[in-house]
Amino acid sequence: MNKISILLSLFLLPLLASSAQKQVYIVHFGEGGGGGGGGEKELHEIEDTHHSYLQSVKENEEEARASLVYSYKHSINGFSAVLTPDQASKLSELEEVASVYRSEPGKYSVHTTRSWQFVGLEGATHKKNMSGGGGVGGGDDDDILLKASYGKDVIVGVLDSGVWPESKSFSDEGMGPVPKSWKGICQTGVDDYNGFHCNKKIIGARYYLKGFEQYYGHLNVSEDCPSPRDLDGHGSHTASTVAGRRVPEASALGGFARGTASGGAPLARLAIYKACWALPNVTKAEGNTCFEADMLAAIDDAIADGVHVMSISIGSTKPIPFTQDGIAIGALNAVKNNVVVACSAGNSGPTPGTLSNTAPWILTVSASSVDRAFFGPLLLGNGQEFLGQTVTPYKLEKMHPLVYAEDVVVPGVAKNVSSQCLPGSLSPEKVKGKIVMCMRGLGMRVEKGQEVKRAGGVGFVLGNSPANGNELACDAHLLPATAVSYNDAVKILKYINSTKNPMAFIKQARTTLHYQPAPFMAAFTSRGPNVLDPNILKPDITAPGLNILAAWSAASSPSKLSEDKRSVNYNIDSGTSMACPHVAAAAALLKAIHPNWSSAAIRSALMTTAWTENNKGLPISEANGDLGTPFTYGSGHFRPVKAMDPGLIYDASYNDYLLYLCSNGLNDTNLRFKCPKVIPSAANLNYPSLAIPNLNGTVIVKRTVTNVGSSSKSVYFFTAKPPLGVSVKATPSLLSFNRVGEKKSFTITVTARSGKHQKNEYGFGWYTWTDGHYYVRSPMTVSLA
């Protein structure tokens, strides 16, 4: 290197380092602080205030204005801006600033026909027109859909990857005028090759790119488009699950799951907020990324636009403290405006303590199965047959040699991943013309099939790992394929090793209804305990999330692999992302029936009427056959019909949540709210469940219920099944109500009984208030110190 080059590099290095250090930060003023948020000021006035703060750490006014990404008015009192760590640190030292934290890349990512019949929502009125039965809905002759007018005029905001507006699920045929309460807009975007449009179904749409482009640079329009249009499929899937219109004869590729597709609230209005974008330079199957600055802006607009429910199938891969969790902060202000916020629990199971979206003002949803299976039988050369599952519309015409991936890899593949068919791992010389059995683990399921096809295989068998158990997530693979349980995979491998010429045949797959047992918990669903605050039991509830059919983007293939050129209108997908909009839809129906109920009241109604039995009358199990617990299903499987009339509710206000934050040492969330000198335990938040960690002796917890039953005069009795090693009693144990709307408080005394339970392990139970007609049930978790 010559002297000039050396000098030039020495000059440029500090500039490059300074540029590299700049990142998007969220600056959060506590409510009532110096940010100027709220309804009093216009947005341009708030922006001027934020510019003045930025000017205090920037070189000049021009740089300050250029660094502002978003000014927030409703989701939080604050702004996002491009800052260096030093500038962020200086702002955090200001007295009126509650917190300053980086909007980290990769922090958040995106985490249906038969399901509504299975939960009993399409029973009484529609059973003449739809195949039903065998569900766990617990419905009666009253039809929640009729009482809720199918969700008419309830507005559901969906934060996701956008929507495909041309889908029949989003038709506005026969729908009335847009509700007068709606204040939003329809952004058509740019470079949208079809021209995005709204109608009386999709009444509003926006997109948010600033956070994404600050990190990745200008959006590559070959990967995504700067408009509310969904080029991925995930956003269309979740939006149609919550509020899609009835579409007869809908099915996935190959005719799987054929039936009438419908959202839970088919006449509810949709407001689309696209805050998730395709990751650059990778296949769509790798997933989307959702930047915190963009999501806060979306929540900000959704509150101002007038949505009643938010469905957010987005979360982190690990728990995030409330002060650094944009979804939690935004949701708290949404709840202040009486918006119900439903979020997915995450897909990091079966590892314990992996839940995201654990804030008690969020309705946190885990994923379970429905009573539908897609059997793709695998026949072995010795006559054994295994009922694998698949939604791959291809079959083999004859027997083919069967090999185990570990035996047909190229040299140099690590032993611990040699069975997993990772890209480039299989030898074409050893695979050509054969069926390959691959194991789950690292890598995506659809990519394993793609690798078998690349190497010349004619079919593949996907074997579960022990952690996956009997959970068979179905995919539209690129070649004949079927997925089998771990136990079946072991038996198939034993056959391969027992003969010189193992053979197999994958039969044509078929859809089967009334499968038992259902529901069972998906192995992938994230689970408790709640590591951020073990005093709050999470998740709250479970809903269908395994192999759900719903609308899809015509710009995306069913596998989302770049090599897959197939196109579908409806697709089967799995995840807590699919479970969340089920519960959001139920919340929308309850909002239509009980427009004055708070977000907490709606959550309470859904939780206390949930059920913990499957369609065989046995307790809900895990995918591996173990007994399920409240750490996986919360209160249980949701039952929208029962939630319509819960009897009693556990209500909570915005101030109750601020008091709860005081108990967690978070005093700066709202500077207008002063924490009391004696702060109650977090366990005293009026929650419809009970969690007590490290019990040593006796704990007394207070709760309050409100009578919302059909009778003004009623008497409720307390019953409980406490966890092992614990005694539980209520004082009083009898509650008499004389009018609807009357509130009654009680205490629950929980006492450890020595020698009856293993220390540091959780036990599970429940308590119920019943008048003989209503059963208001709450789950309970206790660990002994």
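Here, residue 1 is simply the first one shown, and the rest follow in order.
Even glycines carry a Cβ here, placed using N, Cα and C.
Computed from a predicted structure; not experimentally measured.
Record features (TrEMBL):
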- D160: active site, charge relay system (ACT_SITE)
- H234: active site, charge relay system (ACT_SITE)
- S577: active site, charge relay system (ACT_SITE)
- 24-105: domain 'Inhibitor I9' (DOMAIN)
- 151-636: domain 'Peptidase S8/S53' (DOMAIN)
- 417-491: domain 'PA' (DOMAIN)
- 684-782: domain 'Subtilisin-like protease fibronectin type-III' (DOMAIN)
- 1-19: signal peptide (SIGNAL)
*Can you check how the pLDDT averages out over the domain 'PA' (417-491)?*
94
*Work out how many Å separate D160 (active site, charge relay system) and H234 (active site, charge relay system) at their Cα atoms, rounded off.*
7
*Roughly how many angstrom lie between the C-alpha atoms of S577 (active site, charge relay system) and H234 (active site, charge relay system)?*
8
*asked:* DSSP on the domain 'Inhibitor I9' (24-105): how many residues come out helix, how many strand, how many coil?
replied: 28 helix, 25 strand, 29 coil
